[in-house]
Amino acid sequence: MTAATAPDGRRMLRLEVRNAETPIERKPGWIKTTARMGPEYQALQQLVKTEDLHTVCQEAACPNIYECWEDREATFLIGGSQCTRRCDFCQIDTGKPADYDTDEPRRVADSVRRMGLRYATVTGVARDDLPDEGAWLHAETVRRIHADNPGTGVEILATDFSGNPDLLAEVFSSRPEVFAHNVETVPRIFKRIRPAFRYERSLDVITQARDAGLITKSNLILGMGETRDEVSEALVDLHDAGCDIITVTQYLRPSPRHLPVARWVRPEEFVEIKAEAEAIGFLGVLAGPLVRSSYRAGRLYAQSMRAKGRELPEGLAHLADPANGFAQAVG
C-alpha cells in the first residue's frame, strides 16, 4: 500500500486523499523504545511463533510488547479484521466484515491458556452489520477465558453498541475485571475524528458500566488538534461519568491516509496531566508518549481495586505483585 492507495484496492476516501497531502511526520527524539527482551518475553515470543498464536501486540507492532509480555499480559482482537466504522486515527480498515465466527471465544481462551497469561485484554471491531452489534461475541469471549483460565484477569475494550442498554447489559453480565470504552478525543473535534460515535453517548456507556458495578476505564489520544484546556475538560467529563481508570497517550499516525499529527506532546506535559487526573480523583492513571490503553492493564486494575477498598479475587492476587518490566512508555 502506498500513500495513493487504500487497502484491498478500494478507492481512497476524499478525507484520506486530503490527509495524504501531508507527509508522515518525523517523530521527536523522546519517542523511542529499546528492545529489552526479558525471559518471559522470549518464552512468549517462541510460543507464539511455534503455536501460530495471534495477538494485537505483535500484529500491530506495539512498542510496549517487550514490557507487557514480560509481565504475561497480551491483547486480542475479536470480530474480524475489518470495522464497520472509520475513525481517522485508527489503523483497522473499514469495510464489510467477515462472517460471524462463533468459535472465536474458544480459540482466544485457548491462546490465553497456552500463553499462560496473567491478564488478557480483549478488544473488538464495531459490528453494526449484526443485530446485536457483536455483544454476544464480546461477552462469550470473556466468559470462556474466565472458565478456562480462572487465574487470568480479563479486560474488555468495547465499542459503544450504539448505547443500547440491552446490548451493553449482555457484555456487563460476563463480569470482566474491567470494562473499557475509549472516548479518545475532546468534544470540539470528536465528530470529525470519530463520525460514527457520539461523545455524550460514549460517556453514557461508561456510566452504564459503572452502574453495573464494574471497574471502568477510558483513553485519551493527544496530538489530534485538541487544546490543553480541552484535555482538562475531557478528564472532568470522564470522571463525572464514572470512569475509574484513564490512560493518556500521543497520537502516532499509522499511514499517510490517516489524520496528520497536530502536535508532539512533550514528556513533561504528560507528567502534568497524570498529576491533574489523580487530583481529579481517577483511581488509576498512566500518561506518556507510548502508553496505550491496554498498557500495564492488570496493574491498573489491581491499583483501582485497592483504591475502591475491594479485595482482589484470590486467583488474581498475583496482579498486585511488584511489577516486572521496564516502564519505557511513560518516560
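Just so you know, the numbers here start at 1 and follow the chain as drawn.
Backbone N, Cα and C define each Cβ position, glycine as well.
Listed in Swiss-Prot for this protein:
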BINDING   CYS57, CYS62, CYS68, SER294  [4Fe-4S] cluster 1 binding site
BINDING   CYS83, CYS87, CYS90  [4Fe-4S] cluster 2 binding site
DOMAIN    69-283  domain 'Radical SAM core'
Other CB atoms, at most 10 A from the CB of SER294 ([4Fe-4S] cluster 1 binding site): 29
Lowest local Cβ density among CYS57, CYS62, CYS68, CYS83, CYS90, which the record lists as binding-site residues, within 10 Å: CYS90
Proximal residue to CYS57 ([4Fe-4S] cluster 1 binding site) among binding-site residues CYS83, CYS87, CYS90 (C-alpha distance): CYS90
Segment-level pLDDT (mean, integer) for the domain 'Radical SAM core' (69-283): 94
Between CYS68 ([4Fe-4S] cluster 1 binding site) and CYS87 ([4Fe-4S] cluster 2 binding site), the C-alpha gap once rounded to whole angstrom: 26
Cβ-Cβ neighbours of CYS87 ([4Fe-4S] cluster 2 binding site) (radius 10 Å): 21
Residue pair CYS90 ([4Fe-4S] cluster 2 binding site), CYS62 ([4Fe-4S] cluster 1 binding site) - Cα distance, angstrom, rounded: 14
Distance, CYS83 ([4Fe-4S] cluster 2 binding site) to SER294 ([4Fe-4S] cluster 1 binding site) (CA atoms, angstrom): 19
Nearest-integer angstrom distance between the alpha carbons (Cα) of CYS62 ([4Fe-4S] cluster 1 binding site) and CYS87 ([4Fe-4S] cluster 2 binding site): 19
Three-state secondary structure, CYS57 ([4Fe-4S] cluster 1 binding site) (per DSSP): helix
